[in-house]
Amino acid sequence: GGVLFSLEEGASFWNQFLTWRIFFASMISTFTLNSVLSVYHGNAWDLSSPGLINFGRFDNEKMGYTIQEIPIFIFMGVVGGILGALFNALNYWLTMFRIRYIHRPCLQVVEAMLVAAVTATVGFVMIYCSRDCQPIQGSTVAYPLQLFCADGEYNSMATAFFNTPEKSVVNLFHDPPGSYNPMTLGLFTLMYFFLACWTYGLTVSAGVFIPSLLIGAAWGRLFGISLSYLSKGSIWADPGKYALMGAAAQLGGIVRMTLSLTVIMMEATGNVTYGFPIMLVLMTAKIVGDYFVEGLYDMHIQLQSVPFLHWEAPVTSHSLTAREVMSTPVTCLRRIERVGTVVDILSDTSSNHNGFPVVESSPDATQVAGLRGLILRSQLIVLLKHKVFVERANLSLVQRRLKLKDFRDAYPRFPPIQSIHFSQDERECMIDLSEFMNPSPYTVPQEASLPRVFKLFRALGLRHLVVVDNRNEVVGMVTRKDLARYRLGKEGLEELSLAQT
């Protein structure tokens, strides 16, 4: 589940090596979690724990589904997509308000305290007003809260609000029919929907995954209860499986993921039987939700101005060319360059370029300075740190030759250029970049269309692409930010402002 989640939602470049790295990281984290849980549960070296998110195993005999229920599941997917789109739209306007007015740390702390106070108040008022009392005998509630109910009874609303969200989801999935009053589930869904929408985006580590499942499980169980009323208690109208479908529909309608959520829901319930209806529900929720607004994660990526590349270029971008999206002018280096020039370029705080095209260093000004290669900022810093330069351009390199290990040792924390000291004599020395540059960087002509450039970045995992003219002269550079700046909005192709870091 973690591998598919990161690849589906967090990666803008997909290859086998990246997949293997994510799989290895997930495997190590699973082993670590199991080791800690085995000690916590007092059964050392037992590595069979299902993890932190476990919604209990569904019984196939009692909770099977028939072909007549498939349209019902699809309808639940439509409801999940609509509610997810509403959730995202409300959260979008709330986040815009936060960015505009609640940007000071003191105001962010006050807002977090206000949300906590309002949530606690709403919870207590709901429990106080609720008269949904269920008998303790025969119930599976671990910690029943009596509160305002009679002896031998527990408050159903308190069970939903006072438990951790994970435990509440399990109760909604597996509690027997009759454990919840329809009015209780309706009020709980309504309140929790707005509270979760308000909470997501606070400057605290609060996610949307489990709250979305809880909202969906609540209205899904309510849907199942309503269905059992309409079908006069038919055996296939068990509220538990509809709570599962509602949870999948709500989460799919908010985050718009299909592949990873199917696997995660099957892992969390320990049952492959519901794989097909979960797929149907998630696909329907995504299609319906995408008709209104984009997914919550995509929305916040855009609001935070992160240069994230989506799967496809905007459909109306075929008329744009590389000339129109590239950054220009480009800071180029000559093949044999003065050390002081390189240091000044790297020290310039107004530019944070990561790659520099290398052009032919010819004393003849009339000759075309064609592109010869590309060198990275990190490589230049390693060269300068190891003093790989000579006094005059016509002298051969007599210092020790650099090995690949020298570059690997500096990765990923390359020292800043300010930490390397150069004397005036060293600044006048010459550095030959031809040994260390990439002699065949990816280039495109300036007439190349934006979708073609976009596909190159997605398929090859590029960070920068050199744009050349018909004489192989450098005319611009396309970076991920240049591509992520464009998206399809309500009024056609829109240009966004992106973060500078």
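Each Cβ is built from the backbone N, Cα and C atoms, and glycine gets one as well.
Curation does not apply to TrEMBL; its annotations are automatic.
These features come from TrEMBL:
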- 437-495: domain 'CBS' (DOMAIN)
- 20-40: transmembrane segment (TRANSMEM)
- 72-94: transmembrane segment (TRANSMEM)
- 109-129: transmembrane segment (TRANSMEM)
- 183-202: transmembrane segment (TRANSMEM)
- 208-230: transmembrane segment (TRANSMEM)
- 242-266: transmembrane segment (TRANSMEM)
- 272-293: transmembrane segment (TRANSMEM)
Spatial neighbours of the transmembrane segment (72-94) far in sequence, C-beta under 8 Å, 6+ residues away: 65, 193-194, 196-198, 200-201, 212, 215-216, 219-220, 223, 227, 242, 245-246, 248-256, 277, 280-289, 291-296, 299, 303
Secondary structure content, the domain 'CBS' (437-495) (per DSSP, counts of residues): 16 helix, 24 strand, 19 coil
Long-range environment of the transmembrane segment (208-230) - Cβ separation under 8 angstroms, sequence gap at least 6: 53, 72, 76, 79-80, 83-84, 87, 160, 165-166, 168-169, 172-173, 177, 180, 182, 185-186, 188-189, 192-193, 196, 199-200, 237-251, 254-255, 296
